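I have placed the structure first, in the form of structure tokens, so that the comments after it can refer back to it.
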Amino acid sequence: MAGSRFAKIAWLLVAAWVVLYAPMAFEYMSRFLFHGPALWDHVYSGVVGDRQALGLGSIHDVQSPRYQQNLAVMVMHTTVSATAILLAVFQLSARSRRRIVIHRWLGRVQVVCVIVGMLAAMVFLVSVRPSGTFDGAAFNIQLFGLALGTLLGTLLGWVAIRRQQMATHRILMTYAFALLCTAPFLRLGYLVFGLVWPHSTQEVSNLAGAGIEAFLAPTAAVLAARYVAPPRSAVHPVRHLAPAMVNASWVAGIGGAVLLGWLYAAHFSGADRVTVCWAVTALVALTTSARAAGTASSEPARHDWITYRTSVLLGIPLTVVLWGVFGVAFGAVPGFYGALLTGPAISISLGLLLIAASRWRRASQPTDEAMSGVGTALSHG
Ligand code: HEM
């Protein structure tokens, strides 16, 4: 009961910030076309001051020439992605599912918007290359992964509903929404970090926020999965992780953390803010999921939490491996931050896929929605 009240409040807060931010993103590029109102610039500089929001080292300062050179692509990206995220807020609301024909049509528009918005982002990333992306290779790698993840989540979510897999459809569409939300919440992070670290730069706020989001975005999707497709529909115990793998993940996670710390000490002098924020988020994710697994009210719920905790643990050695790979391509320091920004996100996303697969019903089994009549209408769209 308390859990569902918390979920409702969290959803309202997320939806409110998305609805507030989306118009600012929609018109962000208008300043290059007709001296538009620059709403976000005003909000950002109003909260943290002109130096950090618009001065040397800010996105406004560093990226303006690149946005001008790639204006058509970036106008496409910002307007269409802002539309996609607004549509997603409506689509995920209970109200939209009561109007199934509208839900179906807006769903199609949303899929097209996501495809166009993410392809535009990828075109920009390829055209400016890692060195022309804000914060360099590390952010370029994360944004590319985000674009792919958002595209895949949306397309697989669409395939799921075509196959009448309502629970999996909901989980995947919520995942795509969580990834889209990294944009408004990264900007919220700029405001918070700008206030907490007044002498810092947007480059640091951006990397710190992106490092935290590498955990939080897929984690939000895991949490949402527990409400949008509760584990009573978990019908494939065989897809749960084997106990040996769960135990091995502790060894891999702790071993990975020690190795990561040792390699970090060899390459950096003293702890930096981005790495500290990342490590604290990892610890919070681990301790809360271990507690949730221990106090889960049902066996399927316990399995969900164990899957999540295992994915967080395995994200640490994966980060070490990715550092090795990105280090060869981009150098040790950008490679390290690139690994921080992607390792946990990939691993937790795979954990979520496992949770989604556990809700996949065999064709012969009646779905919850077929019983209620809602899913049948949707899936025949
Ligand atoms: C989740 C997938 C997304 C990806 C992969 C992505 C990718 C990108 C890329 C590559 C840039 C240019 C970065 C640079 O300057 O180096 C960018 C900027 C931007 N994106 Fe996205 N984006 C995503 C979601 C969104 C969404 C949902 C919105 C709108 C709500 C949005 C709004 C913007 C805006 C306004 C900018 C301009 C720069 C700024 O505001 O800081 N993006 N995005």
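Each residue, glycine too, has its Cβ placed from N, Cα and C.
Automatic, uncurated: that is what TrEMBL annotation is.
What TrEMBL says about this protein:
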{"type": "TRANSMEM", "residues": "71-93", "note": "transmembrane segment"}
{"type": "TRANSMEM", "residues": "105-127", "note": "transmembrane segment"}
{"type": "TRANSMEM", "residues": "139-161", "note": "transmembrane segment"}
{"type": "TRANSMEM", "residues": "173-197", "note": "transmembrane segment"}
{"type": "TRANSMEM", "residues": "209-229", "note": "transmembrane segment"}
{"type": "TRANSMEM", "residues": "241-264", "note": "transmembrane segment"}
{"type": "TRANSMEM", "residues": "276-294", "note": "transmembrane segment"}
{"type": "TRANSMEM", "residues": "306-330", "note": "transmembrane segment"}
{"type": "TRANSMEM", "residues": "336-357", "note": "transmembrane segment"}
Candidate ranges 71-93, 209-229, 336-357 - greatest C-beta contact count to the transmembrane segment (105-127) (under 8 angstroms): 71-93
Contact between the transmembrane segment (139-161) and the transmembrane segment (241-264) (at least 3 Cβ pairs under 8 Å, separation 6+): no
Region pair the transmembrane segment (276-294) / the transmembrane segment (173-197), three or more CB pairs under 8 Å: no
Chain residues in Cβ proximity to the transmembrane segment (241-264) (below 8 Å; excluding those fewer than six residues from its ends, i.e. six or more beyond): 275, 286, 303, 306-307, 309-310, 312-314, 316-320, 323, 336, 354
Stretch with greatest number of CB pairs under 8 Å, the transmembrane segment (336-357) reference, 71-93, 173-197, 306-330 candidates: 306-330
Folded-back contacts onto the transmembrane segment (71-93), same chain, C-beta under 8 angstroms, at least six residues removed: 11, 15, 18-19, 22-23, 25-26, 28-29, 32-33, 103, 106-107, 109-110, 113-114, 116-118, 120-121, 123-124, 127, 173-174, 176-177, 180-181, 183-184, 228
